[in-house]
Amino acid sequence: MEENSAEEHHFYYPLPASALKVDPNLSDGDKGGTCAEENNLHNKPSTSQGNSGINKYALGGAILASTNSILLGYDIGVMSGAALFIRQDLKITSVQVEILVGCLNVCSLIGSLASGKTSDWIGRRYTIMIAAATFLIGAILMGLAPSFLFLMAGRVVAGIGVGYSLMISPVYVAELSPALTRGLLTSLPEVFISVGILLGYVSNYVFSSLPNDINWRIMLGVAVFPAFAVALGVLAMPESPRWLVVKGRYEEAKQVLIRTSENKGEAELRLAEIQEAASASIRNKDKGCSSSNSPNNSGTWHGQGVWKELLVTPTRPVFRILVAAIGVNFFMQASGNDAVIYYSPEVFKEAGIVNEKQLLGVTIIMGITKTCFVLISAMFMDRFGRRPMLMLGSCGMAMSLFLLGFGCTFLKVYGDTHDGLVIALCVVAVCATVSFFSIGLGPTTWVYSSEIFPLRLRAQGSSLAISVNRVVSGIVSMTFLSVSEAITFGGMFFVLGGVMVCATFFFYYFLPETKGKNLEEIEALFEDQTRLV
């Protein structure tokens, strides 16, 4: 009944014959067929794609797009150490440190909200270039900052670039990737965030011995190099085939799909399915709409009406998709992971480590641990699925945070008694916390947010979900020290552990499994009115 109702409100427009022309040299098994046949092709474990492993062209595009995420990771890592020296050099208070650290996350909200419309207008590829160029300008301003206000201005500009990057990289990779390896490839942005964090920690350690009025400026300023490299790398990337279809550029989309598929037949089947989904998604709900916004004129469509469809008149599946996307992004940042990394020296000080070199050295160990585990998660994402990784990660984070809260509370109450053992316990608990985050919420949030929205809603829906991510990250980062001083670090970690318990229940009840599904099939997972698991 629901399927019939949906068809009555959709308008289907066939591809030009040239776009779907089947190569006569292909075998019958490689020739195009119906959408149902295409679904069967992707659901069969014996497909050539499944046997041949990762498509190298898709992997190359995913890596180039995901390197944009190094910029956020580097900022998170480098600010954890740079804040120590900024505080000493500019004589700022703890509250100013919180504002300095958190303002980037809050301002990234601007980039996150703008990126959806921008990427629908000019394409995913050039939006990635805008992200890198904006962050580059921010890095220059921060590196040359003569005062706290100038430094804040640089953080605002860099934050807008980060907002663009966080939304567009996973969406681009998801739209480029074949279904069977989408989890791995869409996890790459989180892998590069972790690599960036590690590079930031190394930068802190290397430049910490310089004078305080120089070291933090170099730490922040060297971010211009990866930003410049990312902007250049965009030139070698293909455009998203799904965006090309929406724009009516079918031949270009077909060429990209041929290079990301095992053969031309598979590419043509994927193209037919994407075109059918685009025709159904970019539709006139009201038959009185002007022709300029009609799917017949897909080249003139720039995302009109999406916000209304998301927030004012969402269908049941769209509403459930929105709840899932916003929920997973909320819990990603409510876990406190970014704040723990930003303030890791403060956390380790509370755990009993006071020497600055030792503090920065321990953060490098934490960065290496985080990077290793996010790589492991990425490799197993398509084998075990999104839900198991999320459940494992959130449960592990809850236990690690409770353990960290116990350790910090013990040190505060009993002082020097058994310091060495408890300090080691706290260090292990912090590393375990970021490791479980890297197994679950870290990579899976980007994967899930970028794949569950229908094509018409994907860019702006993802930007809305990631805007929630940025707001929560900013709030947690800007209040972490103040709240910890009020209820102690131990109390703060107990609260965060409780948040992760709630997250585990949310993931279990509201997030269906999307492993192995084509992007065009996923919306149907949210149509079941009784349950999602």
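Placed from the backbone N, Cα and C atoms, the Cβ positions cover glycine too.
Positions annotated as domain 'Major facilitator superfamily (MFS) profile' by TrEMBL: 61-515. Feature annotation from TrEMBL assigns region 'Disordered' to 29-50. The feature transmembrane segment is assigned by TrEMBL to 57-86, 92-114, 126-144, 150-172, 184-202, 214-237, 359-378, 390-414, 420-442, 489-511.
Confidence over the domain 'Major facilitator superfamily (MFS) profile' (61-515), given as mean pLDDT on the 0 to 100 scale, stands at 84. Counting Cβ pairs closer than 8 Å and at least 6 residues apart in sequence, the transmembrane segment (150-172) and the transmembrane segment (359-378) reach fewer than three and form no contact.
Here the listed stretches are 57-86, 92-114, 390-414, 420-442, and the one with the most C-beta pairs under 8 angstroms to the transmembrane segment (489-511) is 390-414. For the transmembrane segment (184-202), the most Cβ-contacting stretch among 57-86, 126-144, 359-378, 390-414, 420-442 is 57-86 (pairs under 8 Å).
The highest tally of CB pairs under 8 A with the transmembrane segment (390-414), across 57-86, 92-114, 214-237, 420-442, is held by 420-442.
Scored on C-beta pairs under 8 angstroms, the neighbour of the transmembrane segment (57-86) with the top count among 126-144, 214-237, 359-378, 420-442 is 214-237.
A Cβ distance under 8 Å defines the sequence-distant neighbours of the transmembrane segment (359-378), meaning residues of its chain 6+ beyond its ends; these are 77, 80-81, 183-184, 187-188, 190-191, 193-195, 197-198, 200-202, 204-205, 208, 341, 344-345, 348-349, 353, 389, 393, 427, 430-431, 434-440, 442-444. Within the chain, the transmembrane segment (420-442) has long-range Cβ neighbours (under 8 A, six or more residues past its boundaries) at 190, 193-194, 328, 331-332, 335, 337, 340-341, 344, 347-348, 350-353, 362, 365-366, 369-374, 376-377, 389-397, 400-401, 403-404, 407-408, 410-411, 503.
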